[in-house]
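Written below as structure tokens is the structure these notes are about.
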Ligand SMILES: CSC[C@H]1O[C@H](OP(=O)(O)O)[C@H](O)[C@@H]1O
Ligand SMILES: Nc1ncnc2[nH]cnc12
């Protein structure tokens with residue numbers, strides 16, 4: 001199968017210069033309209049699709065992100081792999097502002113967001129034991145190192161509802177739970193990517209120490225933007241290095257991300273809701 005790389009740009013990453021033959025494409029999906037038009041083109045010859053998660057100009061709040069439409073749209077365009085870039089606060093002293101982290105686990109504390117493509121009429125249960133793709137994450141880590149970043153491979157991401165930052169008591173509690181980084185957007189995006197059988201890697205850029213670190217003031221937006229601005233070149237170089245390194249012909253995922261639905265569907269064929277099946281055409285068409 002041909003590789004196509006989807007890139008979800010987080011805070012501070014709203015455009016992707018240097019794509020060959022690039023054009024912004026407007027898409028509608030059965031799950032609504034994605035956060036913005038999607039920039040489709042090639043990077044080092046590899047087909048890529050770039051979507052700014054909050055829209056250009058950062059219009060959309062974390063709880064209102066159309067994550068279902070975003071993942072459906074990338075799948076519908078033919079993406080096989082998705083690199084999700086995010087700003088995060090650090091919950092541990094050795095993950096410092098400026099460092100890059102490859103997330104491999106989540107604690108999901110979001111409450112108000114549609115978290116699945118499936119439901120009554122077509123019930124499915126995919127595995128989230130390994131919620132990100134180890135193969136793609138390792139490829140992203142190598143690319144980030146070649147771009148000069150300090151990279152940590154493996155971290156637990158605490159997904160909070162926001163939009164306010166955490167209280168001190170919450171920040172301390174999340175540390176005691178073993179969470180390493182904190183953000184507002186990693187979930188349900190990672191769940192939905194798995195349901196859509198996409199290999200998904202989360203490149204988290206540490207921007208602050210949240211509010212728990214006695215030697216640092218509590219996080220504010222100015223601090224986040226300053227660190228993101230300082231990191232922008234390394235983030236873009238990471239995407240470039242990843243696009244040059246990814247094989248154009250992809251071997252099946254060793255983690256099975258691309259076959260996540262093989263044994264997930266529960267609802268008997270004759271009990272499935274045709275309206276929901278129609279919405280699932282891109283996400284689950286392979287198994288329906
Ligand atoms: C200004 S920091 C808060 C904002 O940044 C992160 O978003 P993203 O993951 O899209 O980079 C965080 O989760 C919040 O949404
Ligand atoms: N401290 C923090 N909490 C939540 N989201 C963030 N994004 C960047 N820093 C953050």
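The backbone N, Cα and C atoms fix where each Cβ goes, and this holds for glycine too.
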Per TrEMBL, 53, 54, 86, 87, 185 bind phosphate; matching candidate in 11, 127, 146: 11
Sparsest Cβ surroundings (other CB atoms within 10 Å) among the recorded positions 87, 184, 221: 221
Env. residues of phosphate site, Cβ within 8 Å of mean position of 11, 53, 54, 86, 87, 185 Cβ: 9, 10, 12, 13, 62, 85, 183, 184
Protein Cβ atoms within 10 Å of residue 209 (substrate binding site), excluding its own: 23
